[in-house]
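Record features, source TrEMBL:
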COMPBIAS  518-530  compositional bias 'Polar residues'
DOMAIN    236-372  domain 'RCK N-terminal'
REGION    507-530  region 'Disordered'
TRANSMEM  38-63  transmembrane segment
TRANSMEM  75-95  transmembrane segment
TRANSMEM  135-153  transmembrane segment
TRANSMEM  165-183  transmembrane segment
TRANSMEM  189-211  transmembrane segment
């Protein structure tokens, strides 16, 4: 490049990059001129002409009355800087080896990539792509900064005493941007030093803005909740719970009762609600017990897009809870009915469990698998409680899962007794297979109920029989009914008979030739612990 020879008075240049070198002598011709083969020049000129014509055409088509808005845009200026010099070389051959910063085209490629992704998302009708778009823009910006710095540093180092290749330039840029700064490579001329200062300033201006936009998009995405993927819906089982407001007490009651059944431990619960989570619900969903099994999605059951996010068509069931934030219960039922209809139209094969307030609204959701009318159930319970005091307490305790541990730390004896008995549940077993009731075959129902409670601490409350002209399930059929081997016995106990571990203990005879346990409370406690 017709560069002057080295001055013999200068110190000797060593191969070791850590040795200091003078930076006063700069070979400007190495910066201004490069060795460009004719074939490469022809390819670059052809691409430049095409790119320049395309930029002018886009500027003409996008003209809206203000020509300076088109010509002063950053993309148009980059097009001129990268393409006009190549066009000029067509008319003056000596300029064919002029250095042109073609690596700046990476920023034009980044802009084209953004437009391509925008068109792709628009064509695919993807509305939940803001986070991926921001992440793509940040990654492309970071790559463009690194690529520009690598090419620029490698080019400016050509004017110094120590040239570097692209790999060493990449190593230096990464070490510099990561603020490590080993010092084994450094620019030895002021143009390369100035270039790195400019690139660091650009990075400090551009990257924080991109990170801020990404963080804001991420926080907004967190408020919307997650999305239950199709892959998970195909390999896992889940149910969807629709509610207007996610109250902590309501959701905790549902989760405790839902996961109390051993066959539902592998199910996932998707909470679909249009309201944001409050602080209490956020803390609940961070508990490890629920964090792995409960998924929150902010959306409405009236929108197909939100139902798709919850994979409603692949759900095992849909629970629609009544909205309790309405003063007018008829208005609350109207919203519940609309949600049920929307789910029915979107996923007609998914069974629905609907909770409403007014009995007259049950007809509108008759297609549901089960409908629970709160007012109807409440008044029926109060009426039966007037006929038989204690019915409401009995039914309430039976409907709520309890382990019988409530109130055990209380100083009041009745607290401990109430808490222990609240763990009773209703179970059933065939008489011929039962250790509790098998010995009472042929005995009357009252005899079997009395002696089973006296001997084992269980309460026999009803039987299911196949005798013609009788009810399928009879509660307390009385002394006239005699137990049969095929009867299904319904009893209340802390745990079911299959989970109890006891051996019949010797004791006094109970009148039918079988030993009676001398300590029923000890047996009952042993059953509850097992």
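Numbers here mean position along the shown chain, with the first residue as 1.
Note: Cβ is positioned from N, Cα and C throughout, glycine not excepted.
Across all of the domain 'RCK N-terminal' (236-372), the predicted model scores a mean pLDDT of 90.
For the transmembrane segment (165-183), the most Cβ-contacting stretch among 75-95, 135-153, 189-211 is 135-153 (pairs under 8 Å). Counting residues per DSSP class in helix, strand and coil order gives 59 helix, 30 strand, 48 coil for the domain 'RCK N-terminal' (236-372).
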